[in-house]
Every structure is written in C-alpha cells, then in structure tokens.
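Notes to accompany the following structure.
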C-alpha cells in the first residue's frame, strides 16, 4: 500500500503543506528536509512543538494511520494556523534583504537549502550577525538531521525500492548522489560486521544483477522502433495524436510476439521435418493468391490444413497436436493477461472523478503540451488557447435558457439517431448474412476453382470494408445534428455506434463460419482461414484508400474548394477503432491460420508510415486539447472488452465444440480439439513421475468445484476493494471539507 | 557493458542510473547532446567530474526547448545558481524529471517551481498573469487576463489565502490525468 502508486503518503510535499492537516508531529523532520517548498522553518516548528505537549505517537506510514492521526489532532489546529498567516507575507520581502548574508552563499549549500534558510531568516527581521549565525547553524544542523533520517528510512528498504525512492526524490542530482553514497556506505559497513565473505559475494551478485537489469533495459531501448518519428509527431501535433501511433506500435508488438511464437513452435518443426509441401500437381501459383489467399496458399503452412497430426520423430519426439493447441492457448492467455494489466494500470493512472477540462485553472496550468517543438504548432496552440479562453469568458455572459420544447426536441433527435444507427448496424449485418449465403451457394467444395470463382470470394470482404468506411460517415452526420452536454459524451456516443456496427458485422461473419462452413466443406478450417486472410488484406487496402480520401481529399476540399472547412484534424478515435478491428481479425484468425500475424505485422508496419505521411502533409494539430489520457484508457478497454473477449470466445468455441475436419490439419479424427489434452493426460497416466500433472488436470481443471470456489473468492475480493474505494472517497470529501472549514477561521 | 567508453567511469554510470530515470545509453547520448551545445566548454572526459556549466542562452537554444514558452523558467528551476547555468548533472536532472517515467508527484513539484516566477513558494496573481501572457503571446486584454487569473484562483484555491500553494496545485494536478503526458519533453 505504500508503493509509489499511493503517492499521497510518500510524497514529502504532501506532508509539509500548510493547508493540509496531518499528523505530522513525529515525522516532520523527515518530510521537512525533502520538500524544497517547506513552508515552515525550524524556528517556527519549535514554537509549535511547545503548543502540543500531548502529541500521540502515531506512525504515519500507511493510509490508515494517516486518517487516525487526523481525527486525533484537534488541539494543534489553532496554534499553527495562527502562525501560518503572518509568516508568509514576510518571506517574499525578506528574501531579498537576507541575500546579503555571505555565509550562506558558500559552504556547498545548494539553492534549495538556501531557500529554506532564507525563510528561516525572515522570521528574524532585525537580525544582527551573531543572531543570524546562530540561526544559520540551527538550520544547518536541522537539515543534516533530516538527511540522516532520510538515510535511515532508505536503508530499511530493499534495493529495488531504494533505487526507486532515490529516483523520486525532488532534489538535485548532487544531493541524490550524496544520499545514495551514504546509504551504500552504511549498508556495506553494517554488512562487514556479519559474515564477511557471504555478504560480500551477495553484494557483488546483487550489483552485477542490477547492472544486468540495466543492460537489458538499454538493449530494449536500442530496439525501440521509430523513436525519432514519434518525437517529430509529438513535437508537431501534440500528445493526443501521438497516442494513436503509440497504440499502433503496441499492437505491432503483440503481432511480432505471436508470429515468433507460432513460427517457432509450430511451423519450424514441420518445415524441418518435411521440407516438401504436398501440393497437388494441378495447382500453380497465380497472382490472385496474394489477394484471396486460396489456391496455391491453401496447401502451404499458411493455414491450418498444412499441418500434420503426427508426432514428428527427429531429435526429440515432437507432438504437433499438443504443440499447436498449447501454443495458441498460451498466446491467447498471455494476451489477455497483458491487456488486463495495461487496462488496470491505465485506469489507475488516468481515472478522474470529474471532467476538469472545462475549468479555467486547468486550461491555464495543466493544458500546455511541453512536447511541442514545432514553431507553427506552438503558435497554433497558443491561438487555440486564446480562443478557448475568450469563448469561456464570454460564455458566462450568455446562458442559454432551455425551454421544455427545445429539450424534448433534443431528446427526440437523440432517440431518432440511436434508432437509425441501430437499424443501419443491423441492416449491415443482415446484408452480410445474405451475401455470405449467396457466396456459399456459388462455391463448391472440390478443388480446383476457376479464376472467376476465386475472384467471387472477394465480394464479401469488399462489401464488409466498404460498409466499415461508409456507414461511420453517416454516424458523423447524425452526430452533427445532435447536441451533447460535453464533448466527451459526443465522442463516446460516436464510438459506441461504430463499435455496434463492427460487432454486428463480425458477429454475422463468425456465425457463418461456425455454423455453415463446417457443414459444407470437408476441410473447413483453411476455408475460414482464407476468409480471414481476405478480410485482412482488403481491410488494409481500404485503410490506405481511406487515408487517401479521408485526409488528402479533406485537405484539398478544406483548403482549395471550401476554405470555410479548413484543414482537417486527425481523427484519433476513428483510426484507433480501425486498428482495434484489424487486430481482432488477426486474433480470430490465429487458430485457423497460424502465420496470419506475419501479414498483420507487415500491414501495421506499412500503415504506420502511410499514416505518418498523411498526417504530416494533410492535417493540422487538434483544436481541443486534453483528454488524451482518458481516451487511451477507453481504447485499451475497447480492445479488451468486446473485441479480444469476442475473439477468444470464438476460438474457445471452435476448440471446444466444433468437430475438426476429418481430412486435414493437426486435429483430424478427433471429436473436438480439446480432446488432445485428455489424450495426453491419459498417456501421462502411464508414466509414474508425472502423477501431479494428472492430478492437477483431473481435480483442478476439470472439476467444477474449483471454478466455483475461485469465482466466490474473486467476488469477495472485489467486494472488499470496492468498499475500500468507497471509504477512500468519503475520506477525500471529509478532508476537502476540513480544508475549507479550516480556512474559514 | 558491450562497448568501452571513456567518458564516465562505471561507478558514475551506476550512480546516474540509480538517481535518474535514464539508462546507460541515454546518459551517454545526453552527454553527446550536452557536448554539442558548447564543444569548446564541455570536456569529453568526465571521469574526474569537471566543474563546467553551460550558460542559459545556449541551453534554451536546443530544439527541444526553443519553442517552449517556459524555457527560461524550466532551465532556471533546475540550475543551482538560479540564473540558468546548468552543469551536466543538472542537465540530466532536468530531462530526467521531464521524461516519461518520472512519477506525477515529482513532475508536479517542478511544474509548480516553473510557474512560480517570483520564487516565493506560492502561485500568486502575478505569477498566473505572467504564465497566461506567455501562453497567449499577450493577445488578451488586461481585463481578460485579470478575469482569467481570478477565476483560476477561485477554482483552485482551497484554503482561501488568494494564492495557490503547492497543495492546491497538486490537488488540481491529480484531477488532470493528461498532465503526465503533457509535462514531458522527449530527448
């Protein structure tokens, strides 16, 4: 609980703030030293100390004691408040008068200590030199005292925690180095009392371990793709546009990992074992395969059908069935875990209780993007800020009175738009359904297919991508007519509609693949794999076209034809949704086509450069700043919740319930894919040393009781955490109220 | 670890890695950047910790800082003498706090320092007015400037002393999750 995430407790400035009433009686010395903005000074602390003789010695580590200290502090309030106000006006005036003291300028005291000392001086406006020297000595000794306390605190922590705490100290580098040196010296001296050689080599090991860790971090940095481009984009367009590119890079990593894993564990053993692909003689490579994925590719390792179900005998016995199943399963589970963790950390970092973007204070102090380095972008951002400030100033003057009829009209418009959007989404789904049916009637099971038949298979992906490009335009049109209370709600509404559209299309397609295709074809998994391949490729082509039309044409229209519209902005939400959809296709396709991640990798790689060029040539920086962090949380959540979970359920349903095809693939002849595991466990039963695996399988994985208990435990934990957050929220309100109450005196 | 470099000793690099948020490579790269700012002033060999400071005028000329409206305040906040002359340690410190991995609390402390033009530990009205003028190139009228600053203090001041102390500022920062990504300079 005292990790850096609960920054409040470990933040030294938090404890030193005059406006926050905290139980600081015991630990004032620790925190006093590390806050460069210590509003108090030693002499004043001494005064306060006398006022509270009966201080309770509550520890301050951990949030709970913090609150206890709060409620027990009732006597001290008057004394320190009374001191607070007369103290502060002096400091600014005496800052300059105390500058003449020579002794403070030397002696290696840094600016920050000097600042504190100056404030100390300001308590004695008529200081004569001896008096000043005494005060200065007192301050210096106090400062050293605090440093000692800090070092003692640091020694008590583990090495990793120590490093992190030192990194987070708000002091200059020289001071941090000093503290670190003292901590290390102390540690080594204490160690020398105990078993010398043991701790010596322990220390060397931990040092080399840390060096190794740093080396790995460095190595990972050299692999950092596109660092220069990201910097340029961030410099010209700001952080919110950069989130799209960071998201793209993150998804690319998923695909690279998937490709490496699949290629390494599934494809390479097969290739090593049997280099000759068994392609029938009447099939040759025609150019169309690159688009349709059928034909020649059908018989390669690209799809499920190219893999055999034997145990390969080479250096070791390699069970292809188990390898295929476990590789895909482990990859999906890892993806899920990574997504959950990043969603949770993003949520924790970016969750905000109210929308501050409308407040003036936020606009003034928190909205400036420090990463902007391009002169024109900076100028534009300054203009935007000025316009926003002017707008918000004038907004106060005119407040629109909303009549009942107007409101009813608004509600009517909302309902109408939602109805229309849902109809559009459902309509698209239905039309794809009938199109697929038509396509199935035309297709036949036996190879070879004529060129025309293969080209016909491109119809469905073409229509799907067309819908994905055109229908969102309608949604934006509806959006223009509606009026939302906040900009955020507008973006959410648009996002939900787009998600609905894509989910309905994907849902219909998956239904078709799970129910119709297995009945029709003898070797159905490669068929599904090909369908997905086509979807991915055509989607890529349309993304490029979309970039061309969406950004290039908008730019031309906005600058030459209709200057009123202006240069377009880069629509981050729409583009991120396209990325999420593309990744979902890849996730669904992994089971049916293990090398699909390779195509996806290429696709994202090329897409990055296309989008970058389109952005730099055609778009301007966004007019409304802010909200990038929250949008990022939403994007990761979107990636996880409907899309990844959907893909995982499709793959799980396929593995659990559908019968694998009889004649091709690694699972031929089995009832369902999952039975591979049962067979393996059955084989393991014969081997006495792996009893524990069998036990785990039978009593943990296959037993319903285990899952039931696990669910109960998780629900209980969630409930406890929920209550904790409720309690913390109430505490925040209480504290805020106390601040306001205290300041009223 | 792999390549031999003679700019820093290993202990120095360890100290840099432990006290800042940078890795070894980044520190060497930072040294390269620091050196390019003033090649005649900055030695290539830092093993005996030379005392050398680059003046403010050269540092604010860096492409990362050149267009930033607060460039002078940023450099002054990290300099020991308050006039903006940075030694290499302070240079590294500055970019470390402004890097991606620095935690919010640390960034909030320095952001407060940057906006505090008269270095009195509070964001008073004059500080806010100066901030606003830097952000809008002085194109707002003086009444508008005053109005905005008053509203800002109204909204953020919790203890009612008509200026923003550090805790008021920090309270506002916690409600602005974008702060971590906007208060970030890439080097």
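Heads up, the Cβ atoms here are built off N, Cα and C, so glycines get one too.
The model shown is predicted, which means the values in this text are computed figures rather than measured ones.
What TrEMBL records for A:15-29 is compositional bias 'Basic and acidic residues'.
Per TrEMBL, the feature compositional bias 'Polar residues' maps to A:70-95.
TrEMBL lists A:523-629 with the feature domain 'TMC'. Note on the domain 'TMC' (A:523-629): mean pLDDT across this stretch is 87.
Sequence annotations record features per position, and here TrEMBL assigns region 'Disordered' to A:1-97.
Residues annotated as transmembrane segment in TrEMBL: A:250-271 (among others).
Long-range Cβ contacts of the transmembrane segment (A:283-302) within its own chain (Cβ-Cβ under 8 Å, at least 6 residues beyond either end) map to 267, 270-271, 277, 447-449, 451, 454-455, 457-458, 526, 529-530, 533-534, 537-538, 593-595. Taken from TrEMBL, the feature transmembrane segment covers A:283-302 (among others).
The list of residues near the transmembrane segment (A:322-341) in space but at least 6 beyond its ends in sequence, with Cβ under 8 angstroms from a Cβ of it, reads 254, 257-258, 261-262, 265-266, 269, 307, 587, 590-591, 594, 636, 639-640, 644, 648, 651, 655, 666-667, 673-674, 676-677, 680. Per TrEMBL, the feature transmembrane segment maps to A:322-341 (among others).
Positions annotated as transmembrane segment by TrEMBL: A:415-435 (among others).
Taken from TrEMBL, the feature transmembrane segment covers A:458-479 (among others). Taking Cβ pairs closer than 8 Å, the transmembrane segment (A:458-479) reaches residues 291-292, 417, 420-421, 424-425, 428, 431-432, 435-436, 439, 490, 493-494, 497-498, 501-502, 505, 509, 531, 534-535, 537-539, 541-542, 545-546, 574, 578, 581 in its own chain, all 6 or more past its ends.
The transmembrane segment feature in TrEMBL is assigned to A:534-554 (among others).
The feature transmembrane segment is assigned by TrEMBL to A:598-614 (among others).
The transmembrane segment feature in TrEMBL is assigned to A:634-656 (among others). Sequence-remote contacts of a segment are chain residues at least 6 beyond its ends whose Cβ falls under 8 Å from one of its Cβ atoms, and for the transmembrane segment (A:634-656) they are 243, 247, 325, 328-329, 332, 335-336, 339-340, 342-343, 346-347, 492, 495, 499, 503, 506-507, 510, 514, 576-577, 580-581, 583-584, 587-588, 590-591, 672-674.
Residues or ranges marked as transmembrane segment in TrEMBL: A:705-722 (among others). Sequence-distant contacts of the transmembrane segment (A:705-722) (same chain, six or more residues past either end, CB-CB distance under 8 Å): 699.
The DSSP breakdown of the domain 'TMC' (A:523-629), given as helix, strand and coil counts, is 84 helix, 2 strand, 21 coil. Distant neighbours of the transmembrane segment (A:534-554): 290-293, 457-458, 460-462, 464-466, 468-469, 509, 565, 568, 570-571, 578, 581-582, 585-586, 589, 596, 599-600, 603, 606-607, 610-611, 614-615, 617-619; these residues of the same chain sit at least 6 beyond its ends, with a Cβ under 8 Å from one of its Cβ atoms.
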